Amino acid sequence: MSSSASLSSSASLQRVVVLVGPTATGKSVLAVRLAQRFNAEVVNADSMQVYRGMDIGTAKLPPAERDGVAHHVLDVWPVTKTASVAEYQHLARAAIEEIGRRGRLPILVGGSGLYVRAAVDRLEFPGTDPAIRARLEAELAAHGPEALHARLARLDPQAAERILPTNGRRIVRALEVLQLGRPRFAAELPEYASVYDALFLGLDLATPELDDRVERRVAAMWQAGFVDEVRHLAEDCGLREGRTASRALGYRQVLTMLDGGCDEAEARRRTVDATKRFVRRQRSWFRPDPRIHWLDAADAALETAAARTIEGWMTSRS
């Protein structure tokens, strides 16, 4: 199918390709290649690539490596802003629909499971209570995320399984929802039902190979000047005050190093270990989704396999 393939269809729903999978599987590069084939544009679904200046540590593709493909919902928030999935949902859907109005195909790309679902699925967000939130955040500051995660595990094991014990922001949010008297946080995630006509593609590969990729990625981050990036964000952009960005993989560990909590070798080791744990969490999030067509990220013909799947999907809707 040529890049000028028509996106017209008898269906009224906007079409979107969703490309997901664990960190270090090559999603960003594949998305660019597919976008060139299918007259498409990329919409980011990585929760940390929305932050300006967080480039090396998030493996954000530099503009020169995007090969002229438009990317959306990148670099939209300062590192001091606390993440809002509801706000991200608004930005992502606006981008998807604007791309579609111009007759192009949106490709949503990322490994942040909740952001992916917020962008394309029937997902609504409970309200907030500033008093409850403030009390929980004070407990977080006093006792650390692991203590609150243990409480969440007692109250809602499903939610605790989906949230990293170090992710204080999401733990606080889950506990807040419970205290508001809403149904259990995990139970509020609806069945898999998209608001768009969506094709889901997933990339993964064998654990030993993925672990090796993670180690090589972290080594490349350090070689590319990651410590200097974190230092600049901390000294000039307020990274330490950012409740979300300061806890990102790698950034948290380097901030600890800069504050004298460990040496550089230990910060690097902790980054590798934390990233490998995160990969396991990503898999546990994406694997139950029956809509995902899984592809081998190590396949030399990966681009061809993905393109054929997209072509078949588009043909079935012509």
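Placement of Cβ uses the backbone N, Cα and C atoms for every residue, glycine included.
These numbers come from a predicted model, not from an experiment.
Neighbour list (Ala24 (ATP binding site), Cβ cut-off 8 Å, at least 6 residues apart, same chain): Ala59, Leu210, Arg213, Val214, Arg217, Thr275, Val279. Sequence annotations record features per position, and here Swiss-Prot assigns ATP binding site to Gly21, Pro22, Thr23, Ala24, Thr25, Gly26, Lys27, Ser28 based on sequence analysis.
What Swiss-Prot records for Thr23, Ala24, Thr25, Gly26, Lys27, Ser28 is substrate binding site. Non-local neighbourhood of Thr23 (ATP binding site): Ala59, Gly111, Val214, Arg217, Thr275, Phe278, Val279, Gln282, each in the same chain, at least six residues away, with C-beta under 8 Å from its C-beta.
According to Swiss-Prot, the feature region 'Interaction with substrate tRNA' maps to 46-49, an assignment based on sequence analysis. The list of residues near the region 'Interaction with substrate tRNA' (46-49) in space but at least 6 beyond its ends in sequence, with Cβ under 8 angstroms from a Cβ of it, reads 57-58, 60, 74-75, 83, 88, 109-112, 114-115, 244-245, 248-249.
Positions annotated as site 'Interaction with substrate tRNA' by Swiss-Prot: Ser112 (among others). In the structure as shown, the Cβ atom of Ser112 (site 'Interaction with substrate tRNA') sits within 10 Å of 23 other Cβ atoms.
For Arg133 (site 'Interaction with substrate tRNA'), the Cβ neighbour count at a 10 Å cut-off comes to 15, with all displayed protein chains included. The site 'Interaction with substrate tRNA' annotation in Swiss-Prot covers Arg133 (among others).
Those residues of the chain, other than Gly21, Pro22, Thr23, Ala24, Thr25, Gly26, Lys27, Ser28, with a C-beta within 8 angstroms of the mean position of the ATP site C-beta atoms are Gly111, Leu203, Ala297. Around Ser28 (ATP binding site), the same-chain residues at least 6 positions away in sequence with a Cβ under 8 Å from its Cβ are Ala59, Lys60, Leu61, Val109. Between the CA atoms of Arg133 (site 'Interaction with substrate tRNA') and Thr25 (ATP binding site) there is a gap of 36 Å, rounded to the nearest whole number. Proximity to Ser112 (site 'Interaction with substrate tRNA'), defined by a C-alpha to C-alpha distance within 10 angstroms, is shown by the following binding-site residues from Gly21, Pro22, Thr25, Lys27: Gly21, Pro22. Neighbour density for Gly21 (ATP binding site): within 10 A of its CB lie 26 other CB atoms from the protein chains shown.
Same-chain neighbours of the substrate site beyond Thr23, Ala24, Thr25, Gly26, Lys27, Ser28, judged by a C-beta within 8 angstroms of the site's C-beta center, are, in sequence order, Gly21, Pro22, Val29, Ala59, Gly111, Leu203, Ala297. Secondary structure at Pro22 (ATP binding site), taken from DSSP and collapsed to helix, strand or coil, is coil.
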